[in-house]
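Enquirer: Sending over a structure as structure tokens; questions will come in a sec.
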Amino acid sequence: MRRENQSIMSEFFLLGLPIRPEQHGVFFALFLGMYLTTVLGNLLIVLLIRLDSRLHTPMYFFLSHLAFTDVSFSSVTVPKMLVDMHAKYKSIPYAGCISQMYFFIFFTDLDSFLITSMAYDRYVAICHPLHYSTIMREELCALLVAISWILSCASSLSHTLLLSQLSFCAANTISHFFCDLGALLKLSCSDIFLNELVMFTVGVVVITLPFICILVSYGYIGATILKVPSTKGICKALSTCGSHLSVVSLYYGAIFGQYLFPKLSNFTDKDIIVALMYTVVTPMLNPFIYSLRNRDMKEALGKLFSRATFFSQ
């Protein structure tokens, strides 16, 4: 957006969720409960991994970063959505809208890269168990996380800079509950061909390529599991990967149609439902799917509660 357009378009209006006014109270309580569960569950994961030395392994290192990302990801949109459910004017300043879009894209991409790093960790653990400690060194884990942050920042910054060059002539009502990039592009009266091209190209880099890497990793994992002679070994390998596969399915299932094919996403209500899935539901389920079903996490949780009970007496 050029300087003169910024003075004209000082704020946007969010239509919010497509629900009737009399249902606001019920949905407010529902989404507030889900958001609090997301925050508390994921922060508990981070705390357990920090406190328990048995969890200081590459898998839990990536998991702690994923948990922190899920809290941040959900916090970018859900608090504003909850406030707007009881607000008469659902407005958001221009700067706030652009910032929300930037951080939403940033944490979306960061989730993708972290999930991919976790898939690589599982690949090494199952396909090369004897060399696991040698390959998954602390330096490599830190490097993978650093690269994830850098690529995510570059992706969100490219979209933000391109969006800042667009003109918004008169329309300033966003048919969404947050400042979604696709919804903002629909409001522009400028040529958005370059924006959509970058949207598709970057989407391939930060979503499709990581997804392909995950599929390749699990292809090798599946081939290795089939060579295991004992049923117990197969079950152990499958239990190790099952939670991660659930997270992958939830994340990528909602993302693909939403951002790689913006031209096909013409149904606003469908877009909102899909967005709710990966901004509210998936971050809430991750602690239960990936961590609290894990025996090491349960033991660490029991140890923490025992310690808290001891000090409270």
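Quick reminder: no glycine exception, Cβ is built from N, Cα and C everywhere.
Pasting the feature list from TrEMBL:
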TRANSMEM  26-49  transmembrane segment
DOMAIN    41-290  domain 'G-protein coupled receptors family 1 profile'
TRANSMEM  61-82  transmembrane segment
TRANSMEM  102-120  transmembrane segment
TRANSMEM  140-158  transmembrane segment
TRANSMEM  197-221  transmembrane segment
TRANSMEM  233-252  transmembrane segment
TRANSMEM  272-292  transmembrane segment
Enquirer: Mean pLDDT across the domain 'G-protein coupled receptors family 1 profile' (41-290), rounded to an integer, is what?
Expert: 87
Enquirer: Could you check if the transmembrane segment (272-292) is in contact with the transmembrane segment (140-158), meaning 3+ Cβ pairs under 8 Å among residue pairs at least 6 apart in sequence?
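Expert: The transmembrane segment (140-158) and the transmembrane segment (272-292): touching, no.
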Enquirer: Most CB pairs under 8 Å with the transmembrane segment (197-221): which of 26-49, 102-120, 140-158?
Expert: 102-120
Enquirer: Taking residues 6+ outside the transmembrane segment (26-49), which of them lie with a CB under 8 Å of any CB in it?
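Expert: Same-chain contacts beyond the flanks: 17, 19, 55-56, 60-61, 63-64, 67-68, 70-71, 74-75, 78-79, 81-82, 85-86, 280-281, 283-284, 286-288, 291-292, 297, 300-301, 304.
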Enquirer: Same chain only, please: residues at least 6 beyond the ends of the transmembrane segment (102-120) with a C-beta under 8 Å from a C-beta of the stretch. Say none if there are none.
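Expert: Counting only partners 6 or more residues beyond its ends, the transmembrane segment (102-120) has Cβ contacts under 8 Å with 59, 62-63, 65-66, 69-70, 72-73, 76-77, 141, 144-145, 147-149, 151-153, 155-157, 159-160, 178-181, 206-207, 210-211, 213-214, 217-218, 244, 247-248, 251, 255, 278.
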